[in-house]
Amino acid sequence: AVGDSCVPHRDSLLLEAGFLAVLVAPLHLLKWRSTAWRPHDSVTFWLVRWLLFRLMFASGVVKLTSRCPTWWGLTALTYHYETQCIPTPAAWFAHQLPVWFQKFSVVATYVIEIAIPLLFFAPIRRLRLFAFYSQVLLQVLIILTGNYNFFNMLTIALAFSLLDEEHVGHWLGRSKRRHASTWPPSLRSFLSTLLELSTYALLLYWSVQSFGLEINWEKRLLDSKVAFTYHEFKMWLQTVTLPLVGLGFLSLSWEILSALYRCACVRGCFWKLWAMLQWAVFTTATVGMFAISLVPFTYIDRESNDKLWPGIHQMFSAVERFQVVNSYGLFRRMTGVGGRPEVVLEGSYDKQSWTALPFPGDSGPLGSSPAVLWGVPAAWGADAVSPAVIRLVQVDESQYPFSARPPVYIRAQLYKYWFTGSAEGSQGPAPWWRRQHFQEFFPTVSLGDPALENLLSQHGLKDKLSPLRPTDALLPWLLRSLRQLVRPFSGPTVLWSLYLVAATVCLLRALGRRPWGGAPPARHKGPRRGEPTDRGGGEKNGQVRRKEAKEAEEKGEGRARGAADGHGGTKKKK
């Protein structure tokens, strides 16, 4: 299926994102009870945005460099929904959409993956927000129509690098900015709006020209086609690859200089030096990560890759085995165009009556709907009645056809599956699938058959005896207890329950920070008389703020005592 290309990229993305989390996570060595913000945080956090850019841009580019006829013909999505790894029920409905809409969806995919990622580094905040919501929209649609485990959720998490504190605060109801409209607008605001509208217009013009978008009023549909050749696209890619590297370098340089300025604004000589030291360390690490990431990023154009400084290639070769930076390119080619190939494993007692062995996520009976899975493994061993194997294949052991006695014979048949059409009807429940037998995938064998044993040994699939481990240790006991506790529930039920619990905890924490009754929030008021005004945006450390507040309090008490003494003296004179 088409989704098989997603698996190595999914694991590589998890490794790289996990390593970046080490650089992005807060580090407090000397500041106890200090805030989570650090002057250099924007530098390391920029690497997350750069990873998102490399992931999306390369994923869009490889669809065209692969010369896949379905991507060039804009017909890829007419096959994708039924040939992906594990489609969801929503994929069946998406498959029924008209062909013109499927082709327009491919055009939208190209725009979101190739053109919009350039806005990740835009200096205008609203353009970055537009890019964020475009990426989230694409990932949500993929989640609704396909099972790709954590991949899309991780991509959405990376997209949060496009947001700022003000926008997130607006979500949580803690926005500190007052949006007051002024007329006439300032020159800066006018130019920013003009540049933003020009960007949207240029994006629309590029989309119409590159993909021949034209409304067919007679047929009431939107026609689209690729309006450029493979050679033209390769020349364009060769022209923009190194300038994109330069764009990334300029964006990173701005973040580094801005962080340096924030470090210089920190109060106190010691804390200023400490902030500078952290800035130097994390800036060096960030620049190094950016440099070695250029090697896998420029794989999209070999000539650009050859123009990189040889020292960068040497640095990448030294760390390549750790996979801290990787190349990406999702769904390079659309496979399964002639039908969804699927191997059906069957068991029998007499070689006459065969029963299919179910696996999580397979198409299964023609009347069964596609599954929604989250991290459910699929495995099979030669022992088809082992309780451990049965639990991997079927949660409800009573539904497993060979739960009482293992099959004597096993064979594998190759079928081609297709989604049924919306007009196809039948007596009883409408089927989701139709299939056709293609060929025998593996001949009939019995358990213990020498041919099967030799085949398993040849491919290294024979079970190996593992050294015995003590079963009375604490960790094995905890794992067994946990498995016993969740055994009655399916994998998706357990995972969704954990997600809902985590979301509920976050929601309650957010609501707990909001004021309930009483005076309105302090953010809607100016500073009271006698209270310090913090204009540094967190640049003062906690000790300085507490000292200023204490001094202001002492001054207020002194004024109050002076006023009381004055009233007393007046009374004595009277």
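Heads up, the Cβ atoms here are built off N, Cα and C, so glycines get one too.
Keep in mind that TrEMBL annotations are predicted by a computer and have not been checked by a curator.
As recorded in TrEMBL, the features of this protein are as follows:
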type     : residues : note
DOMAIN   : 10-168   : domain 'Lipase maturation factor 1/2 N-terminal'
TRANSMEM : 12-30    : transmembrane segment
TRANSMEM : 42-62    : transmembrane segment
TRANSMEM : 104-124  : transmembrane segment
TRANSMEM : 136-163  : transmembrane segment
TRANSMEM : 236-257  : transmembrane segment
TRANSMEM : 277-300  : transmembrane segment
DOMAIN   : 324-372  : domain 'Lipase maturation factor 1/2 C-terminal'
DOMAIN   : 387-443  : domain 'Lipase maturation factor 1/2 C-terminal'
REGION   : 516-574  : region 'Disordered'
COMPBIAS : 528-538  : compositional bias 'Basic and acidic residues'
COMPBIAS : 545-564  : compositional bias 'Basic and acidic residues'
I'm a bit unsure how to read this: which one of 42-62, 104-124, 236-257, 277-300 has the highest number of Cβ pairs shorter than 8 Å with the transmembrane segment (136-163)?
42-62
Restricting to CB pairs under 8 Å, which listed stretch, 42-62, 104-124, 236-257, is in contact most with the transmembrane segment (277-300)?
42-62
Long-range environment of the transmembrane segment (42-62) - Cβ separation under 8 angstroms, sequence gap at least 6:
13, 16-17, 20, 23-24, 109-110, 112-114, 116-117, 120-121, 135, 155, 158-159, 161-162, 237, 244, 248, 251-252, 255-256, 258-259, 279, 282-283, 285-286, 289-290, 293, 296-297, 299-300, 327-332
Which whole-number mean pLDDT does the model give the domain 'Lipase maturation factor 1/2 C-terminal' (324-372)?
82
